[in-house]
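Annotated features, as they stand in TrEMBL:
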type	residues	note
TRANSMEM	12-29	transmembrane segment
TRANSMEM	87-106	transmembrane segment
TRANSMEM	118-138	transmembrane segment
TRANSMEM	144-167	transmembrane segment
TRANSMEM	179-206	transmembrane segment
TRANSMEM	226-247	transmembrane segment
TRANSMEM	281-299	transmembrane segment
TRANSMEM	311-329	transmembrane segment
TRANSMEM	344-366	transmembrane segment
TRANSMEM	378-399	transmembrane segment
């Protein structure tokens, strides 16, 4: 009975985290590249359209050929009907699937850190999800179909792949199953440059480094078998990073990147993001403190934690491996990051911090033989409550927690949906080839809304023969119009 009660409580806690986010996603509208990634009005075989688009983009504008294919293949806009809230429901399904896959992968990693029988596995997994989902909101990843296809989906599959690596070592009777999960689940993220180093370094760590003696003494057949997933990840990564489209894009923007400058900029971006997390997000700090406490409590036998330095190095390599190619490829020279890249960076930082805090707690228990029981528990609880009061309640910092902030901004979220849904309805219902739309004013910006992408006074008149336009989004192609223009009456 206790087991079921805990499960119900766990599900309820997850619901409290996800419900406000799903409310926000429900009010999402198709945006930006969603239109370019949809099937064309003139129809045709959707599979061949998708493959053609994927390899056209690979040749002319970017390396993520597989995501480009899948973007068109399962794009909700392919029905060519007014979607309304159906788009939001579709995105909620994507959100839930990617979140469940992420939880599955995280749970395997947490179990690896705490031990197979660690009783805090579910608690730590939930707290990591709470840390990830309550600190920042990523509209470009949650409200934007194409954004989800390039970031949350491959990232969640990368988590599944890492879980399979862990279980491959721990479950000898299911080696074949987890081997093929490593191969199949790893294909998509391997074609996304932000996941390449993640997959490669974790595979080397879990399959080779932790089992080096076994790998050295195994047969040639097994050596080939174990090398295949790694070689596959490398080949797919190379097909992405060294694609003609990446070089064409850099040439179009006339970029002259410097590796040293990009490396320094990556360090600066990481430091600033860590500073923002620790200074401006006290709720995140509270969660990190809880990880330290859990580390102490979980080490009742005062054992010295192992592989701490290795884990820290692993997360540093993963973080730089995710960010450096992006910053070098875009030649960024300031601290600006797209929201979708903040998503990648935050996941690296926050998950890394979570595990290092657990290790810190375990080390404190080992070094000072700390055992939280009786009066110690009361003292720690009182100190935590006081810290919560001072940092969250007294300074109203709790208002910055994503779930609470969404509820505060629910009116603007609904208004933004009504505004852009009305614009799309007007385009769809217009009998003119050159559609001109007038609105009174621009809505205030909100991090919880991802707008359709039409800007004041700009005319969107992309030629329908073009696969992807380098300057303008393509709603006119999707809707079968010669041009679309939006004007704001009260905009200077």
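Including glycine, each Cβ sits where the backbone N, Cα and C put it.
All annotation found in TrEMBL is predicted automatically rather than curated by experts.
Between the transmembrane segment (281-299) and the transmembrane segment (179-206), the number of CB pairs under 8 angstroms, six or more residues apart, is fewer than three, so the stretches are not in contact. With Cβ pairs under 8 Å as the measure, the transmembrane segment (118-138) is packed most heavily against 344-366, out of 87-106, 344-366, 378-399. Long-range Cβ contacts of the transmembrane segment (87-106) within its own chain (Cβ-Cβ under 8 Å, at least 6 residues beyond either end) map to 18, 21-22, 25-30, 76-77, 125, 128-129, 142-143, 145, 148, 152-153, 155-163, 351, 417. Under 8 Å from some Cβ of the transmembrane segment (179-206) lie the Cβ atoms of residues 63-67, 70, 150-151, 153-155, 157-158, 160-162, 164-166, 168-169, 225, 228-230, 232-234, 236-237, 239-241, 310, 314, 317-318, 320-323, 325-326, 329, 341, 344, all in the same chain and six or more residues away from its ends.
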